[in-house]
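One structure is given here, and the rest of the page talks about it.
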């Protein structure tokens, strides 16, 4: 199955609305980081973003003041990465290398060139220049700008504007997506092994389940483990997917119509690469501070970050584009209602766009946030940094309720089960939601907490336990009055950091199945929600980020 990018940018007719004014933040002076009693939160009086880049005031993911990002309306102030204090104290990603594995990277882009380091690769031509030639292959360049656009006064500002970037065009239409190229780009080469962050704004939309035990995936999982475990380790940041309402498969788009609208059309963990511990999976929020309309959900989601909507009726991302008015998202032959597009007053050479979105955007925003923490605390391990981000994330959309599925059982009795959880407090005292993970990233809070962080103990991995349920005992009743169960015993008294479950079953109505994991303490997780469609299947492979005790009966 071919991996594809996860942006959802769209085009429409030009708008006649006036251009919102854009002001540079020249008065936002540096801080030492030692100011006593300074509030570093999202409502601080000291909240401002340094830099004199003409488009940065419309980059709501950096600092959300309710700006419209050249769309029809603005968002809700404060729903951003909360990184202003990091930037004001000089924490901007310096010393951190980031790999962008995507459809290419325009290495000569005026807002990226100074942050591009040697080691990029064009897997189609074999050269070191992954700059796209296809006008539609702007995805990786937009992703790169979100991570590391240079603070040079030209256009936009990256989350980590002093990182060093490499680009790889595995998602180029001409790429054969060979396993050797994936391994090269994802750290399995001397040219790429020193990257501390690997951005993966791609995924697979699967109509049918796919095993996570294929040779290619196993090889990549081993590489991820190796790179994560060595020294301080590398962070693999992965997009959750854009399948809440529809999925793309080949040349076809599948949309649901009126079936269980509050349940996901496609679970995030249906993509095998989304269901391993080594990938930090990210969902998307919009400028209002709630789930982006498209964002996939699931028990594998670890954090949420800004991804936006479509840039027309509501803000998307403002970021770099393929240079030139005949290339990329912002071009004269494909006009958009986003008012940055085809506007010579703001972008005469069409080097930027305002419609980049998707969990493809939430992912680089997370990669940039991770780079900021790594830059400030280079001796902390990736596990420690993940822990800091989780413990200090913001519980947004706090009133989110679980989705209940009601039906009449075969015995005639009404029954109600939870199809998708809302916010729940886990055994570690942390709030968790399959929609938002541990919450919206708060860079400043994580940085502050890092100063007094106690490193985690060494990671312990338990061997896989296989449980076989005889067909005579494992029959799944149609509209049953109780669940079909299996269980396994764990003897070790450990605190669980993550659990990975793979379920193999044969059933004629996979979309109707709800698969739940219950810990010895009674905590439960929906690892596979019933899919919100009538004819699609679900892969019950999941990685969960909750923390019960390990010992006892898991079922």
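Every residue, even glycine, has its Cβ placed from backbone N, Cα and C.
The feature signal peptide is assigned by TrEMBL to 1-24.
The 10 Å shell around the Cβ of residue 102 (active site, charge relay system) contains 31 further Cβ atoms across the protein chains shown. Annotated active site, charge relay system per TrEMBL: 102 (among others), in sequence order.
For 116-142, the entry in TrEMBL reads region 'Disordered'. DSSP labels the residues of the region 'Disordered' (116-142) in these numbers: 4 helix, 2 strand, 21 coil.
Summarising the annotation, TrEMBL assigns compositional bias 'Polar residues' to 122-131. For the compositional bias 'Polar residues' (122-131), same-chain residues at least 6 beyond its ends with a Cβ under 8 Å from one of its own Cβ atoms are 104-108, 140, 167-170, 172, 174-176, 178, 181, 184-185.
TrEMBL lists 139 (among others) with the feature active site, charge relay system.
Mapped onto three states, the DSSP output places residue 360 (active site, charge relay system) in helix. Among the features that TrEMBL reports, active site, charge relay system is placed at 360 (among others).
The domain 'P/Homo B' feature in TrEMBL is assigned to 461-555.
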To the nearest whole angstrom, what is the C-alpha distance linking residue 102 (active site, charge relay system) and residue 139 (active site, charge relay system)?
7
Alpha-carbon spacing, residue 139 (active site, charge relay system) to residue 360 (active site, charge relay system), which is rounded to whole Å
8
So what's the mean pLDDT when you look at the domain 'P/Homo B' (461-555)?
69
